Each structure stands twice: as C-alpha cells, then as structure tokens.
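Here the structure is laid out as structure tokens; the discussion comes afterwards.
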Ligand code: BTN
C-alpha cells in the first residue's frame, strides 16, 4: 500500500540525496508516480512540518533546511527500523501518551506503533507518581508491542528498554549512564529517564504491552522537577549542550528494535549481561526493608524474571521483587 507518509518520506529522501542540486518537478513526479500538482502539495505540507524548501521556476526543488520540529514525518525520515515506528502518532499536547497508546492498542494499533507528544498534562510515572513533561523539553513516548511471550516474561521487556536507552546515551562522550533497578536511568547519580510498562494480558497470553519512556533532554536547571523521591537531571544539564530530540528518538527506536529482535531470537541472557554492565551499585552493599526487617546485602545482579538478586552475608542468594531500597548505604 502506498501511503501519503511513505510518499513523503521518499520525497524527502530524493531531495536529501540531491544535496545542493535542484530536482525538477517532472523527475519527482516520474519517480514517485504522482502528478506534479501532487508534488507541489507535498512540498507545502513539508513546509508546514518545518522544512525549508526552495522552488526555482523552470529548475525544480531543493531542501534548504531540514526540520527540527518533531512530527510523524520528521521522525520517520532517517529512521532506520524495519517495524518499530512504522506507525507514529505525534500529538502536540496529551494528558499521557500511555492513555493514547492504550486506546490505540484496544482499537488494533499495530505492533511497533509509537505515540509521542511534545507535552503531557498528566504524565505519570511508576507507583502513580507524577511525571513532569514540559513542552518540547524531553522525550515523552509510548511504544505498543504485541510480543508472543508469556506474561511473566514482560518485565524483561522493561529491562530491555532501559538497556536500549543506556546504550544510546553511552555512545555520547562524557555520558556514563547507569540503570538503577528496576529501570531508572541515572547520570552521575541523578535520574535522567524513567520507564513505565503496562500490560493487557490473559492468564497465558499478552494482548499488548505499552512501554512508556520519559527522557529529560533540554531542561535547564530551573525547569527540572523538584522530585521528592529522586534528584533529576537532563542531558542538557549534564553536557551544557542543546540536544536534537528527533535524532535521539530515532536512535532509541533503532536500539530498541535491535534488542527486541535479539531477545526474541536468542532469549534474555545477552540483554541481562548488558543490563548488568550498566547496573547501578552492582557488586556493592545495599540496604533494604522487607516488612519490618532491615537487611543489608551485596547487590549481585538481576534474575531472568527481572527480580533483583542479592547475596546475603551467609552466602545465600535472595530474589527481591519489591522493597524499599537504600542505594546509598556506606
Ligand atoms: C518512572 O520513572 O516513574 C516512569 C516514568 C515514565 C514516564 C513516561 S513519559 C511517556 C509515558 N507517558 C506517561 O504518562 N508516562 C510515560
């Protein structure tokens, strides 16, 4: 099926490949199998998306400036994935991309559909906490997956997503990401990103999973949330640079697709090893409350079911699923 979006992506690619040269309307119309009037209409749409297009009479078109505005088109152009993000729903403002994603999933949205917003008015985090999602300052995005795995394996998808985000950040000089169990991404002990996974499942079958990601990108110091439970940071704060949201989203989706494909083909063990390579405080002593008991143990890694593994003083290993953890014990 030829969609408007695929035609537009092809059009941008043709213009991009031509670099500084002009391509005539005739050439474009032949290559895309649409009329010259249709080409002109697409150009107007691209301009609305923030591209600057130069149209020279009797010569043709060329791109003078690529768009930095986030939209379904600008995200798709240059996105090197085979299934993740083939469908992108971009909204300027939503209450929460999680809600939009659930609604879309219930009405049969495809595996790999991405919902992204510039701003969320009721962004939510784990444990019903508020997730601050200021306009244009970060990545507020939810991905719909329809994995053919049993529901008990779903936490592995969260660990996989955290690993994909850490892999992307790790490529940049001066950023040394850590993952604090289960899935907070930290830079220099401060939280830069969080993940919220929600699932609709029957007893032995997942209908769909929505993986929500929040990444603080371009907030200045005074725009960061004053969270009670953690200290927050942004990529801009850590590097003193403005970051390109489009590029980061594309890199995250590419990394996530690659890891998901590995996960389905070869299982969880490679992802677990990678996760552990970023694990915050692995090999160190942590302190945690279970019921009324206060325990200390060495954080030794994660189990395949996503549980935190600790080694007690007597050498026994224990799995922890939920506990109040003090990560900063001396
Ligand atoms: C956490 O660390 O508590 C998880 C934060 C998850 C935030 C993201 S932003 C996109 C998606 N929409 C939401 O309302 N929440 C997730």
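In case you wondered, yes, glycine gets a Cβ from its N, Cα and C as well.
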Practice prompt. Going by TrEMBL, 120, 124, 125, 126 bind biotin; tell me which of 56, 58, 190, 191 is listed for that site too.
Written response: 191
Worksheet item: Which stretch does TrEMBL mark as DNA-binding region, out of 5-24, 25-44?
Response: 25-44
Fill in: Around the Cβ of residue 125 (biotin binding site), the count of other Cβ atoms that are within 10 Å
18
Fill in: Sparsest Cβ surroundings (other CB atoms within 10 Å) among the binding-site residues 124, 126, 191
126
Worksheet item: When you look at 120, 124, 125, 126, 191, which the record names as binding biotin, what is the longest CA to CA distance in angstrom?
Response: 19
